[in-house]
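Annotated features in TrEMBL:
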- B:12-33: transmembrane segment (TRANSMEM)
- B:40-57: transmembrane segment (TRANSMEM)
- B:63-86: transmembrane segment (TRANSMEM)
- B:98-116: transmembrane segment (TRANSMEM)
- B:143-163: transmembrane segment (TRANSMEM)
- B:188-209: transmembrane segment (TRANSMEM)
- B:229-251: transmembrane segment (TRANSMEM)
- B:263-283: transmembrane segment (TRANSMEM)
Amino acid sequence: MTDQLIRRGLSRRGLLQTTAGLIGGSVLPAMPAFAEDKPIGSYPAGVSGSTAFIGISVPRTGTYAVQGEDELKGYQLAIEHINSGHDLIKKISPKTSKGVLGKELKFGVADSAAKPNEAVQAQQRFISENKAIMITGGTSSAVAVALNKLAQREKVIFVCGISGSNDTTGKDCVRYGFRQNFFGQTAAAAIGPVMVREFGKGKKAAYLTPDYTYGHTVTKSMQDFLATAGWTTVTNQVAPLGAPDYSSYLLNVANSGADVLINVNWGHDAVLSTQQAKQFGVLDKMKLVVPYQVPFIARETGGLMQGVYAATDYWWTIEDKFPLAKMFNEAFEKKYGYKPEWGAENAYVSFAHWAHMCEQAGSFNPPDVIKAYEKGETLPSLVGDVHYRPEDHQCVRPVLIVKGKQQKDMKNKEDWYDVVEIVPGEGLMQKPDAFGCHPGDYS
Amino acid sequence: MISWPNLVSQLFNGLALGALLALISSGLTIIYGTLGVLNLAHGAMFMIGGYAGFVAYQYTESFIIAVIAGSLFVMLLGVAMERVIIRHFYHRPHEDQLLVTFGLGICFVEIIRLIFSSQSQLVPPPAIFQGITNLGFMFYPTYRLAVVGIVAIALGALFIILYRTRLGMIVRAGIEDSVMVDSLGINVYRVFMVVFGIGAMAAGFAGIVNAPVVSLTPGIGDDILVQTFVVVVIGGVGSFPGAILGGLIAGEIISVTSMFNPGYAYVMLFAAMTLVLVVRPHGLLGVQGRE
C-alpha cells in the first residue's frame, strides 16, 4: 500500500501524516472523545480555535442581585483558576493544566434579573453569536427550568447555578442539564428532624412562600416532612417575587397563632420579610426558620438570624474540616475581600466539575461530556466527596445545618453561623424518579 | 372565614400603606398637573431620597438630619434635572418625555448600584419610635404609626402650599392655562422649576421616611413607581386630592385582598384601576389637565 501511495505522488510529510492517522484510527474505540465527532449544538464550531466560550447569566438587578453577584464571582474565580491551572482546580480536576483540554476559557455575562425570558434570550445569543460550548447561571429556579429547556433544544450543556426547586432535576430535568446544589425536599429532610428536635412535635407552622417553582416545592416539601411529626400549616402566605412590602402577609401570620414562621423567601425578599417580621413583633411571638438559607441574609438583616436554623450548601467555617474549602476561602477572600457564601461555592464547584468531565471525556462533544457525568464517578468538592446521579443529573452531596450565632459569640465580623451538622446526602436524597424526571435524548 | 381582628388590622395597615403611596403620588401628580410631564424617574427619586438620607445618617446618626438631607438633596436633584434636561421636553411629545425620564431613572439606579452595591442598607427608626404599640385590637410597629402621622403632616404642608399661598395659586392657574399665566407677566418657567423641585422632594422625603420600614436597595423605586402610577390613575392624573384618595384606596385594596389571598392583591389593584378608567376616564377626582 505504501508503494501505491508513493506512486500517486504523496510527499514524505503526507506519508507520515497518513501513517499517524492510521495509527490514531486503530485506537479510536478506546477513546470516546473521537467516537462521535459530528456537529451537535455549538460543537465543534465553538472550540475550533484556541478558546472555548461560556455564557453566564446571573441576576445583577432585582431581588436576587446580591446573590447573583456572589455567584458571578465564583464563576470568574473558577475560570481564572482553570485558565491558570490553579492548585485548587487540579485537586478537583487533576487533568486540567491550563484551560480545559488546552483551550482557554472565555466568557460573556448577561443580567437575567432572575427573569426566565431575559436569561433565555441572553443565552440564546451567546449560543448563536459566540458559539457558547456551555451555558450556566441561575439564582432562580424559574430561570434554571427555562435554561434546562433551552439547553436540551440547542444541545448545549447547561451547568445549573443556584436553584433549589424539586423540579429542576425533577419533572423539568433534561439530558443536557446538571445541578450541584440540592432539592428543596433534601433541605426539608435535613432540617426537618432538627426542627422537631428543637421545637417538638405537633407544632403549628406559618409559611411565607415566593410564588414560583422554588417557593412552592420547598414549602410543599417542608409541609410533607413536618406532617410526619404532627405539624400543621396554619397559614401559607404566598407573595410575588420582589414584593415591596410584607406587612399585609405578616399581619396574617401574626394573627395565625403559629408557633414557627418558616420563611421560604429568598434574596432581598427574605431580608425584607424577615426585617418586617421583626418590626411586626412576629419574631417575638414565634420562632423563625429559613429552610433554604439565603447568602448574605445574616449580614443584611443586621443580626436577625441569631438563633435561627437554616439548611445550606456551604458555610466558610467548615474550612477546619475540609482542606479544599480552606483553599477556596483563601483564594476568594484574597481576590474579593470577603468570605465566600454558598452562591460562589456552588458556581466554582459546578465549573470545576464540568472541566473535570470534559477532561475525562477528552472532548467538548456534548454527548461524550454527558456520558462522563453519567458514569457517576466520585468527585472531590469543597464539602467532601460527591457524585452526580446518571438518572437525573442531580449531585448527591451533604447538606449543612447552620444556626445563627449570638453577637457575643462571633469571633469576627463574618462569623455569623455555627455549623450544627453536616448531614450526608445519601440518606436525605429523594429517589431519582421521585419528581418525575425523564431526561431527553443525547442528540 | 373573616376574622374581625384580622380585618381591622388589615384595614389599618391599608391606611398606613395608602398614606405613603399618597405622598409619593402627590409629587408625581403635581409635576404632571403643572408641567404636563409624566416623570418616570419619580421612583428613582424616591430611592435616592432613601440613600441620601442613609449617607447623612451614617455621618450624623440623626434621623431628623437624614430626613432633611434626603429631601433637600432630591429637591436639588429635581431642580437640576428640570433645568438641564426636562425643560427641553415641555413642548415635545409625551413619548419623548416618557423615554427621557425612564432613561434618567435607569441611570440614577445604576449610579446608586455602583456606589452602594446591591446589598441592603439599613436606616434604623429614631429611638422614640422603636418597638411595637398595642392599639387594643392589634399590635403595630410604632414607627409605622409615626409614618402615618409624618405623612399626614407632609400632605398638609403640601396642601397649604398649593391652596393657601401665592405660589400655589400660580401653580394651579398654570395647570389650567399656562399661556394666560405667562401673559400676566409671571415667569412660568421659574415656577415650573420650583414645582419640579417640590414634586421631587415629596418623593425624596417619602424615600427617607420609609427607609426604616424597608431595607434600601437600588431597585426599591421600581416597585413603588408602578403602584404610584396606579394611584395617580385611580385618583385622577393631575389632581392632588385625587392622589390622596387614590393612595388610600390602593392601600386598602392591597391590604384587604391580602387577608383572603395575597397573590391577588395586585390583580385586584389593577382591576380597580381598570374599573375606574372605564367608569371615569379622568380618574375619581381627575381634571382635564393640560393637553
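Glycine too: its Cβ is placed from the backbone N, Cα and C atoms.
Because the structure is a prediction, the values reported are computed rather than measured.
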For the transmembrane segment (B:12-33), the candidate among B:40-57, B:98-116, B:143-163, B:229-251, B:263-283 having the most Cβ pairs under 8 Å is B:229-251
With a cut-off of 8 Å between Cβ atoms, can you find at least three pairs linking the transmembrane segment (B:63-86) to the transmembrane segment (B:188-209)? Only pairs 6 or more residues apart in sequence count. yes
Per the Cβ filter (under 8 Å) with a sequence gap of at least 6 from its ends, the transmembrane segment (B:143-163) is approached by 15-16, 19-20, 22-23, 26, 30, 125-126, 129-130, 133, 171-172, 198, 202, 205-206, 209-210, 212-213, 240, 244
Counting only residues at least 6 beyond its ends, the same-chain positions whose CB falls under 8 A of a CB in the transmembrane segment (B:40-57) are 24, 27-28, 31, 63, 65-71, 73-74, 77-78, 81, 98, 101-102, 104-106, 108-109, 112, 116, 121, 123, 199-200, 203-208, 210-211, 216, 218-225, 228
Near the transmembrane segment (B:229-251) in space but 6 or more residues beyond its ends, with Cβ under 8 Å, are 13-26, 28-30, 32-33, 155, 158-159, 162, 175, 269-270, 272-273, 276-277, 280, 282-287, 289-290
